[in-house]
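K.L.:
Just passing along the structure, written as structure tokens.
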Amino acid sequence: MPKRLDINTILVIGSGPIVIGQAAEFDYSGTQACQSLKEEGYKVILVNSNPATIMTDTATADKVYIEPLTLEFVSRIIRKERPDAILPTLGGQTGLNMAVELAKSGVLEECGVEILGTKLSAIEQAEDRDLFRTLMQDLNEPTPPSEIIHNLDEAYGFVNEIGYPVIVRPAFTLGGTGGGICHNEEELIEIVTSGLKHSPVTQCLLEKSIAGCKEIEYEVMRDSNDNAIVVCNMENIDPVGVHTGDSIVVAPSQTLSDREYQMLRNTSLRIIRALGIEGGCNVQLALDPYSFQYYVIEVNPRVSRSSALASKATGYPIAKLAAKIAVGLTLDEIVNPVTQKTYACFEPALDYVVSKIPRWPFDKFESANRTLGTQMKATGEVMSIGRNLEESLLKAVRSLELGIYHLELDHLKELDKETMKKRIIKADDERLFIVAEAIRQGVTKEEINEWCEMDFFFLQKVENIVNMEREVKANVGNMEVLQTAKEMGFSDHYIAAAWNKTEREIYDMRKENNMTPVFKMVDTCAAEFESATPYYYSTYADENESIVTDRKSVVVLGSGPIRIGQGVEFDYATVHSVWAIKEAGYEAIIINNNPETVSTDFSISDKLYFEPLTIEDVMHIIDLEKPEGVIVQFGGQTAINLAAKLEEHGVKILGTSLEDLDRAEDRDKFEAALTKLGIPQPVGKTATTVEQAVAIAEEIGYPVLVRPSYVLGGRAMEIVYRQEELLHYMKNAVKVHADHPVLIDRYMVGKEIEVDAISDGENVFIPGIMEHIERAGVHSGDSIGVYPPQSLSEKLKEQIIEHTIALGKGLNIVGLLNIQFVVFKDQVYVIEVNPRASRTVPFLSKITGVPMANVATKVILGQNLVEQGYGTGYHPEEKEVYVKAPVFSFAKLRSVDTTLGPEMKSTGEVMGKDLTLEKALYKGLVASGINIPTHGSVIITVADKDKEEAMEIAKRFHEIGYNLLATAGTAQSLAEQNIPVQVVNKIDSEEYNLLDIIRQGKAQFVINTLTKGKQPARDGFRIRRESVENGVACLTSLDTTRAILRVLESMTFSAHSMKEITQTKRHEVVHA
């Protein structure tokens, strides 16, 4: 069937900010879809609220709207642009929910807009638990015994009939939000209440737990002609009970017999056909390991996290083809872009094993509950490819960037059998490592299988790795053993430790013995047809398939998995750098290991290597390709951390030299550079012992800001107000010694300013200056950023520009630099300089029209700023106001404190733009998920140090008609200022108290700055968590509160009696 000619304009709905459960995979799928539709000649309009993506670049669609993904704003765009159709199935759960909302509101019918791809009825049938269960019954497909419930009484009824454990699955939610497994009544009350609250239709499915079954996924495609294929089938190493986004997944499935594979394949195709899905779809199934009994768990009627993984695992571009199917093309008409010979109706075949391991944020949130269940907690994931499962798994482990090079963690060696048993049964992020440790300690596979029902096949693979460890240790220097270990994926780092040598010595030993890996191609067809894709993985085998050309090449290091502090912004910079390298006439080679991102789409670079970002794996590629050099400044801290080791291997680092990188990162060298340039900075010193730290803090005076050197995302950074807090930090947050000093600065309570600039060593160009709403002390990634600055005097702006130019030249920066300043008592101080791409690069690039990563790359390759038409100075400011607001995933991470501080906690960002600050802030806050009602109640509980400041805020809330609620201490302060307030009981009161008000939704905002104790059980922590669990905006910074007040005041009409107005005027005359 040819493509449709009755439609011209298509609106694509993006997925919004990155949150746990919905990460960079939708930037990848959305970008592919927009390009795919443009290829077919359609006019594409895109709406998305996330400025950090390639998808929201102006080149991706014909028109790009970076606006909140709410009914109000999307309807406005539809009425203005009048598209013929919308495509919502590439925007994750956000896109689907938006489509349902638009249809129900009547706006699609009013404007004559059709939904493309999967029909609305199919979306609802797959997403609505009741409709889906009915369809499965009609198809005679087994689902676990279940019941749809809308309240707790119905839940009790089901449990009384079926017994515990039961799984709670809320309808229309993302990443299992609000769901979980209930083993008793207490858990049932908590999880069902939470699930009903998070479901937009107040509906949950309660089902008998089938935890322990194998979890299998099929990624399927279907077109309007009813052609349907399986793109990839995948198997979770963790049995049912752990969310698939938190499971270690392998592809293709490893433990299914042919009969089981065909049975589940047929089921998946039968379901996609019955639903009438047109495009990509993900089917999740549970298989009893001891019989052929299976159950259908759920269907995602859209492109998902799993489809991004399946696309990268097979090379088959699901999103690209789903977009073509949406406009009427069929699988037998679409040429497979990988082979460029076969058609898209050929099912991919794999001659390798792919492993995916999730990347969790627990290194950031040590107090978080690490237990894994049906609610997703991972922020990102890594993927690796090998010729056997052992190799594939070990490559994935060292891709995680946790400083781990093998399936072993030192701190687990102390665990006794009972503790290991408990943790293996319960499942947390370290389960696979504990399984390996248990096998090392002599626990049998049978016992482990009994504890967690992990398949014997996977346990055998872990045992193979453990047995090989013993071989390696028993045969020091044996080349045959080394060869076997390398074939199994062992790293040089592990072997070096076992043989008491350096990693470099093992590397040299291998090279002398011609023991190097070859590179194989990912081609969708198991080498049956010739492939046109330059997409490779390493393995120890015979034939090398990566042909080196005679063109000059440049390697760009990617940024690895998405995690807090290093998000999709770095992938954005990486992709733009690759494009610039190609424009400059070089061959662009990228090394990365994140299956969710645009940078690992094989069509972006000239060559893509899907490999761990370790010195060993990167050097294998450099040894083969012999590039002109390596660019490290776009891959975040991941790439910067490799620079020194690469230079030791004789590799040329392009752009800012290693010496100058070190000068910006090393505290003493940086201080010396600032002193030489005459640029002030907060008083600070470096401590290498606890005693030194205490002495320095006494000398410069509390409060102090403490942090380790060389960090990203403010990891282990804290503001401490007294000695006991400092001692707690030194003991628990960092391991301080001569190689890892701790930096201690005077903490200045001032306005924070952030600048991104490009330097060629002679000229320094500044695209933009941003002002943070929150004062210094809140991490820049968690602050609301405003461009252009709204409250900076021209004099201060000139100082900032002068300092930036001086730093760019003085530090010999070639490429990008990011500087954070604090304005304190009308003086500008430098807090830090990052000689690399920052997370504000996409935001500023989009606003100013300066493609910063592209310009910086060309500078790195030798084209100076003047030749590119820029030169030195500050780019003229835009007229509109732009706001970058952070987005948090606290609802997914139980027992994490939501207080903002110098350690970064946000997972994503949104942008709001308008003619005034108030309007831009409104859009930014609404897009980030904060509801801004014009009236209601606000609970105020603040620390003593904030009481004076809180009075002015309380008064302003009262002025616009809000009710004020406060506990006794704060209430008394308000009453003394004649501000009406209702006293509420503290949280330890037996009677109706503050937490009850939050639980019952009787407060719209909670302002809480209670001193954060080191024990999370403190009152403030409980208030903040209760707010998050109940979807109430909890403001822990008075600066953020003021920003919200500005918005509320601009939305609210004043209501003053004439007498009040007259009195005010008379007062002004008297004081004139």
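Using the three backbone atoms N, Cα and C, a Cβ is placed for every residue, glycine included.
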K.L.:
According to Swiss-Prot, Arg746, Glu752, Gly777, Val778, His779, Ser780, Gln820, Glu832 bind ATP 2; identify which of Arg707, Arg722 is listed for that same site.
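P.N.:
Of the residues offered, the record points to Arg707.
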K.L.:
What mean pLDDT does the predicted model reach across the domain 'ATP-grasp 2' (671-861)?
P.N.:
90
K.L.:
Given the binding-site residues Arg129, Val242, Gln284, Arg707, Ser780, Glu832, which lie within 10 A of Glu298 (Mg(2+) 1 binding site) by CA-CA distance?
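P.N.:
Within 10 Å Cα-Cα: Arg129, Gln284.
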K.L.:
Give the distance between the Cα atoms of Glu832 (ATP 2 binding site) and Val242 (ATP 1 binding site), rounded to the nearest whole Å.
P.N.:
41
K.L.:
Any same-chain residues 6+ apart from Ser780 (ATP 2 binding site) with CB under 8 Å of its CB? Would you list them in sequence order, or say none?
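P.N.:
Spatial neighbours, sequence-distant, of Ser780 (ATP 2 binding site): Glu752, Glu754, His772, Gln820, Arg839, Thr840.
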K.L.:
Near the Cβ of Gln284 (ATP 1 binding site), how many other Cβ atoms are there if near means within 10 Å?
P.N.:
20
K.L.:
So which of the binding-site residues is most packed in, judged by how many other Cβ atoms lie within 10 Å of its Cβ, out of Glu298, Glu752, Glu832?
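P.N.:
That would be Glu752, with the most Cβ atoms nearby.
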K.L.:
Within 10 angstroms of the C-beta of Lys208 (ATP 1 binding site), what count of other C-beta atoms is obtained when all protein chains are considered?
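P.N.:
Total other Cβ atoms inside 10 Å, all chains included: 20.
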K.L.:
Where does Ser780 (ATP 2 binding site) sit in the DSSP three-state scheme?
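P.N.:
Assignment for Ser780 (ATP 2 binding site) reads helix.
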K.L.:
Taking only the binding-site residues Lys208, Val242, Asn834, which one has a CA atom nearest to the CA atom of Asn300 (Mg(2+) 2 binding site)?
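P.N.:
Of all the candidates listed, Val242 is nearest in space.
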